[in-house]
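Straight from Swiss-Prot, the features:
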ACT_SITE  Tyr227  active site, proton acceptor
BINDING   61-85  NAD(+) binding site
BINDING   Ser199  substrate binding site
MOD_RES   Ser2  N-acetylserine
Amino acid sequence: MSDETTSSPSPAPAKKKQNLGWMEWMRGWSSVFGEILFQRITASHLENPLPLPSVNDLTCVVTGSTSGIGRETARQLAEAGAHVVMAVRNTKAAQELILQWQNEWSGKGLPLNIEAMEIDLLSLDSVARFAEAFNARLGPLHVLINNAGMFAMGEAQKFSEEGYEQHMQVNHLAPALLSVLLLPSLIRGSPSRIINVNSVMHSVGFVDPDDMNVVSGRRKYSSLIGYSSSKLAQIMFSSILFKKLPLETGVSVVCLSPGVVLTNVARDLSRILQALYAVIPYFIFSPQEGCRSSLFSATDPQIPEYWETLKNDDWPVCPFISQDCRPANPSEEAHNTETAQRVWKKTLELVGLPLDAVEKLIEGENIQCRYGAQHE
């Protein structure tokens with residue numbers, strides 16, 4: 001009888017997921033069209049404009065606030081008494097808006113406490129410099145609203161000056177870098193909030209952490225893939241940040257859908273789709289309607305309680321607020337915690353931050369970033 005033992009064959013390695021499955025894809029598009037067709041019905045209980053609680057002591061940073069949802073968000077927060085920092089690429093346009101708003105507000109109360117600071121989300125160096133300048137004030141930040149976004153529908157693939165696909169940088173990488181770098185100010189402002197204006201389009205998104213620029217050839221690039229992937233990446237990164245921030249910091253992280261809104265993002269649509277936007281106003285929110293979920297997430301007193309409940313329940317994704325200002329559940333792929341962890345690590349690598357950046361900032365330590373004045 002032979003003494004040799006027969007070894008069992010090693011299991012074949014699991015096949016790497018290349019894209020959404022058909023059922024996931026169909027459920028995703030069902031969510032998209034459901035929001036388009038029924039958002040007015042589901043949000044019919046909301047007032048327009050949305051009444052806000054007292055925000056007199058809040059300092060709020062709103063990116064992309066010279067047009068669309070961001071413009072309405074900044075204006076309404078300022079009129080409600082908040083100190084608003086318009087974080088924008090075009091500071092001249094922001095200053096003109098501030099002057100206009102001050103004139104319109106004249107005689108209604110104290111002058112609006114609003115200012116403009118320059119930031120360009122297509123430049124990570126600009127993002128880091130903005131954070132450095134804001135943190136240098138040594139004041140509190142109570143609400144960061146990552147509102148700026150882009151959807152260059154139909155355009156060929158383009159890259160930022162750092163070499164990253166433009167949707168991924170503007171919609172995910174730059175807001176992620178800004179959120180982490182502003183943690184010192186957010187902790188000073190505790191209880192505080194990071195609000196990410198996301199989209200129901202994340203439901204049809206898929207992220208390959210090894211190919212976030214969609215250049216490997218495994219997937220054919222389209223602007224739709226670029227946009228939806230960036231929005232899913234933002235939720236995944238936010239979900240890990242949600243887990244890493246202890247309750248003691250008092251910093252909440254929320255993603256939201258504003259609904260389908262007639263904004264300057266529509267300027268990037270094809271002429272046919274722009275025409276459709278014009279003829280179906282019943283289905284499309286105005287910017288004033290679209291900003292309600294942003295304002296709700298930024299100011300409602302129940303948000304920190306909801307955030308704490310999800311943390312205590314070890315919920316796998318960060319809080320997500322729908323266009324009707326109710327809690328919602330992101331897509332099935334957004335719950336993929338393994339991919340989310342890889343997206344977290346890859347994002348920090350791409351934006352030039354150490355893997356322990358959040359932990360160090362919570363402890364009050366300094367960190368090194370590949371971008372900004374400190375790297376000169």
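Cβ atoms here come from the backbone N, Cα and C positions, even for glycine.
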I'm trying to understand the geometry here, so how far is the Cα atom of Thr73 (NAD(+) binding site) from the Cα atom of Tyr227 (active site, proton acceptor), in Å to the nearest whole number?
22
Taking DSSP three-state, what's Ser65 (NAD(+) binding site) in: helix, strand or coil?
coil
Leu77 (NAD(+) binding site): tally of other CB atoms within 10 A of its CB:
28
In whole Å, note down how far the CA of the residue listed as 'substrate binding site' lies from the CA of Ser65 (NAD(+) binding site).
17
Can you check which residue among the binding-site residues Val61, Ile69, Val85 has the largest number of Cβ atoms within 10 Å of its own?
Ile69
Please identify which of Thr73, Ser199 has the densest Cβ environment, defined as other Cβ atoms within 10 Å, among these binding-site residues.
Thr73
For the C-alpha pair, I'd like the distance in angstrom between Val61 (NAD(+) binding site) and Ser199 (substrate binding site), rounded off.
20
Tell me whether Val85 (NAD(+) binding site) sits in a helix, a strand or coil according to DSSP.
strand
